[in-house]
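Per Swiss-Prot, the feature active site maps to Lys216. Among the features that Swiss-Prot reports, NAD(+) binding site is placed at Ala7, Val8, His9, Phe10, Gly11, Gly12, Gly13, Asn14, Ile15, Gly16, Arg17, Gly18, with the record citing similarity to another entry.
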Amino acid sequence: MSYEKKAVHFGGGNIGRGFVAEFLHNSGYEVVFVDVMDSIIESLQKTKTYTVTEIGDDGERKFTIDHYRAINSKHEMDKVVQEIASADVVTCAVGPNILKFVAEPVAKAIEARTLDYPIAVIACENAINATTTWRGFIESKLSEETKKNIDSKARFANSAIDRIVPQQPPNGGLDVVIEKFHEWCVEQKPFENGGKKPDVKGIHYVDDLEPYIERKLFTVNTSHATAAYYGHQNKVQYIHEVLHDKKLHDTVRDAVKETAHLIVTKHGVETAEQDAYVEEIIKRISNPVLKDNVERVGRAPLRKLSRKERFIGPAAQLAERGEKVDALLGAVEQAYRFQNVEGDEESVELAKILKENSAEEVVTKVNGIEKGQPLFDRLVAIVKKVQGGS
């Protein structure tokens, strides 16, 4: 395979190496990894190949990833800008909170770009409209002239990604173990009228991304996190063990029954189709082969409890429609109890916020719900319960 196309990817972590780079590599792209972690960049620079192992019920398959380079943006920002300026695609998998920190090099590269077609900019994050968010940070650093002609320089497309990367084996190095199932949906409208749609095997281009994003976030992420937080409270180690407990299994299913009702009524998805999707997701996260650690899945509770995320996002919309949200709020309570977990800074910060603020302040600060909104009083009651230790 010839590797004449080039993609720059921010984030040398497991999703970057094991999902995004795998797809790009298998579609003939040379991948340039960008990260600030010395250890990851040094490993990528010293190692010419790494292996992605896809696991599933029917066994495993392995891919060798090569034709990549790596740059440390902490030390060689000018080089990063040059690479992006001459790339076909720039992607990221850094976490939604880091998008603002990877905006400046993209902005500088867009200013410097001389190719006669626009670069494709695609954020691969577990967040709604992450590329739009990234674009806002990028455009804040562009000249007015470039902003006026942005379509000739860059096209920004939101995406929805779905693939579970479980806890990795110790001493695995750069190799990544990942589930076989994958979904990467990208909106295609931004590439109309002169854009260059990335030719990546496995990307599903769609006209309207919102149903795909919400279906994924409010089913996969909601069920996964619900299992994690209930599992943590019940001192269960792995997600599949949570799902093999009938009571906990039913609790997780109840949460995604509520979100399924939203997906069906809001987006016009057939009930049978959404039910089948829910079944597929429950089956996936119940897979013992993944050995998915409860604390890994539960980490970053502040983000997961925020306004547009997997619990409050669907619960707020359902509450505004006068629909049932009991199971989702049960999961919210368990998420609030995910405090002071070793290795997770947000769980420590959550404990601090709960200690230093009133319940009303916590709900506004953490959940983004204001007094007078349908969920407010019920969330306040949950926080008071957690603060009271009951």
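One is the number of the first residue shown, and numbering goes on along the chain from there.
From the backbone N, Cα and C atoms, a Cβ is placed for every residue, glycine too.
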Cβ packing number for Gly13 (NAD(+) binding site), 10 Å threshold: 18
Spacing of the two Cα atoms, Gly13 (NAD(+) binding site) and Lys216 (active site), in whole angstrom, works out to 21
In whole Å, note down how far the CA of Lys216 (active site) lies from the CA of Arg17 (NAD(+) binding site). 21
Take the Cβ of Arg17 (NAD(+) binding site) and count every other Cβ within 10 Å, whichever protein chain it belongs to. 27
Counting across all protein chains, other CB atoms within 10 angstroms of the CB of Ala7 (NAD(+) binding site) number 28
Between His9, Lys216, which of the recorded positions has its C-beta surrounded by the fewest other C-beta atoms within 10 Å? Lys216
Rounded to the nearest Å - Cα separation of Gly11 (NAD(+) binding site) and the residue listed as 'active site': 22
Using all protein chains in view, find how many other C-beta atoms are within 10 Å of the C-beta of Ile15 (NAD(+) binding site). 23
Near the Cβ of Gly11 (NAD(+) binding site), how many other Cβ atoms are there if near means within 10 Å? 25
I'm trying to understand the geometry here, so how far is the Cα atom of Ala7 (NAD(+) binding site) from the Cα atom of Lys216 (active site), in Å to the nearest whole number? 25
